[in-house]
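Annotation comment: TrEMBL describes C115, H252, N282 as active site. Positions annotated as domain 'Beta-ketoacyl-[acyl-carrier-protein] synthase III N-terminal' by TrEMBL: 109-192. Summarising the annotation, TrEMBL assigns domain 'Beta-ketoacyl-[acyl-carrier-protein] synthase III C-terminal' to 239-325. The annotation region 'ACP-binding' is assigned in TrEMBL to 253-257.
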Amino acid sequence: MVALRSVVVGCGSSLPARVVTNDDLARRVETSDAWIVQRTGIRQRHLADETETTSVLGIRACRAALEDARLGPEDIDLVICATSTPDHTFPSTATQIQAGLGIHQGAAFDLQAVCAGFVYGVATADKFLTTGSARRALVVGAETFSRILDWEDRTTCVLFGDGAGAIVLEARESAGTRDDRGVLNASLRSDGRHRDKLYVDGGPGSTGTTGHLRMTGKEVFRFAVGSVTDVIADAFRLSGTSAEELDWFVPHQANRRIIEASADKLGIAREKVVLTVDRHGNTSAASIPLALDVARKDGRIRDGDLVMIEAIGGGFTWGAALIRW
Ligand SMILES: CC(C)(COP(=O)(O)OP(=O)(O)OC[C@H]1O[C@@H](n2cnc3c(N)ncnc32)[C@H](O)[C@@H]1OP(=O)(O)O)[C@@H](O)C(=O)NCCC(=O)NCCS
């Protein structure tokens, strides 16, 4: 049977030039490199300067993805930007990225699922592409979390970084088997009862301010390891694949211990796990496309590989997608 599949045809990323190490942070709050590395695996993060807004980083990442795909602005008819740190309340960051790239056709919108935003973005773009509503989509995760951190709060400010990553998805005719390239499936979940474990204490419709990130780290940790593996199990079941067949596991990069515990629980070998949290910190919706770009550029991810992306974020929101690269 001939069906449409959303095939990854390019990826790119962008990181601010400024690198901040754990030792740099230890001069600002009561913390240490040893504590941060032991609890999270993070050694450094990139932080944006005042000129580097989310759309600036997003435009750079998308430009790199378009170059990688050998495509131009005229080829894209959908831009989805996953972000929790938009330049402005409106217009959407996606429209600013669209304009910055010189794309004047199709639709562009932001998608808000916090750290799960990129997986939500891939799942959403896949629906547009496989139903024939769009032909080629840029899915970008772009964040400047440094702007919503409480820099006096050592329990959160050491965890996050800034950056952006993007992929180009193209609708292609496919025989539709699990061996054919493209997004095989995506499973999304959310449960708003967990709001108070990870949230921002402000917003345009409540305080009229941007607010700061607040988190009960232990509760998030417990949920991330204990519950979110359901979507990964779903992805394997729906595609008829298994952990043994997986080539690369590219999870949201929040914490090395969460990632390794989840991989162990699912029977995914440690050497198949792509880890960038040491270099990037938690860049929220940008973390997966940043990691995909690293593993693609260093030669690990090759065409035809089976790649699982997975994330959990505030809400809680969570999801997984299985991609034949
Ligand atoms: C945040 C996290 C690293 C904290 O690790 P933890 O082992 O749960 O640590 P706790 O919160 O119990 O704190 C342990 C101690 O370290 C202290 N501490 C917290 N942050 C610290 C820091 N940056 N430096 C040094 N000490 C710190 C605490 O105050 C506490 O001290 P106390 O025992 O005297 O009260 C961990 O809970 C975590 O990673 N959670 C998931 C967070 C996450 O991934 N969020 C994003 C999801 S998208």
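Glycine is no exception: its Cβ is also placed from the backbone N, Cα and C atoms.
Automatic, uncurated: that is what TrEMBL annotation is.
Sequence features, as recorded in TrEMBL, placed on the structure.
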residue: C115; record: active site; Cβ within 10 Å: 33
residue: H252; record: active site; Cβ within 10 Å: 33
residue: N282; record: active site; Cβ within 10 Å: 22
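Counted with DSSP, the domain 'Beta-ketoacyl-[acyl-carrier-protein] synthase III C-terminal' (239-325) comes out as 36 helix, 22 strand, 29 coil. DSSP labels the residues of the domain 'Beta-ketoacyl-[acyl-carrier-protein] synthase III N-terminal' (109-192) in these numbers: 26 helix, 35 strand, 23 coil. Across the structure, H252 (active site) and C115 (active site) are spaced 7 Å apart at their Cα atoms. Counting only the Cα atoms, the space from N282 (active site) to C115 (active site) is about 9 angstrom.
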